[in-house]
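According to Swiss-Prot, the signal peptide annotation covers 1-22, on the basis of sequence analysis. According to Swiss-Prot, the feature disulfide bond maps to Cys46-Cys57, Cys50-Cys62, Cys56-Cys69. Summarising the annotation, Swiss-Prot assigns 4-hydroxyproline to Pro48, Pro58 and lists a curator's inference as the type of evidence. The 4-carboxyglutamate annotation in Swiss-Prot covers Glu60, Glu67.
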Amino acid sequence: MKLTCVLIIAVLILTACQFIAADNTEYRKWRRSGTSTGMRLGSRDCGPWCWGQNKCCPDESCRSLHESCT
């Protein structure tokens, strides 16, 4: 009975680890594709730091959402 419980817990832990690894891979692909909030608003060449409350302007500069692109 104890062995069965240990095996079930081990399988659950391994399954959780696989899901975490898969989620991290999908997140990296999503970030590289330019679909994050900041990069979606302009050029994809602003870099990974331009996201959240920022936007990427056509001249590849990262600005606040409240600033206009000049």
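Glycine too: its Cβ is placed from the backbone N, Cα and C atoms.
Here the disulfide-bonded residues are Cys46, Cys50, Cys56, Cys62, Cys69; the one with the fewest Cβ atoms within 10 Å of its Cβ is Cys69. Across the structure, Cys46 (disulfide bond) and Cys62 (disulfide bond) place their CA atoms 6 angstrom apart. When the CA atoms are compared, the recorded positions lying within 10 A of Cys69 (disulfide bond) are Cys62, out of the candidates Pro48, Cys50, Cys62.
When Cα-Cα distances from Glu60 (4-carboxyglutamate) are compared across the recorded positions Pro48, Cys50, Glu67, the shortest belongs to Cys50.
Each residue contributes its Cα atom, and for Glu67 (4-carboxyglutamate) and Pro48 (4-hydroxyproline) these two points are 19 Å apart. For the recorded positions Pro48, Cys57, Glu60, the ranking by surrounding Cβ atoms (within 10 Å, all protein chains) places Cys57 first. In the three-state DSSP assignment, the secondary structure recorded for Cys62 (disulfide bond) is strand.
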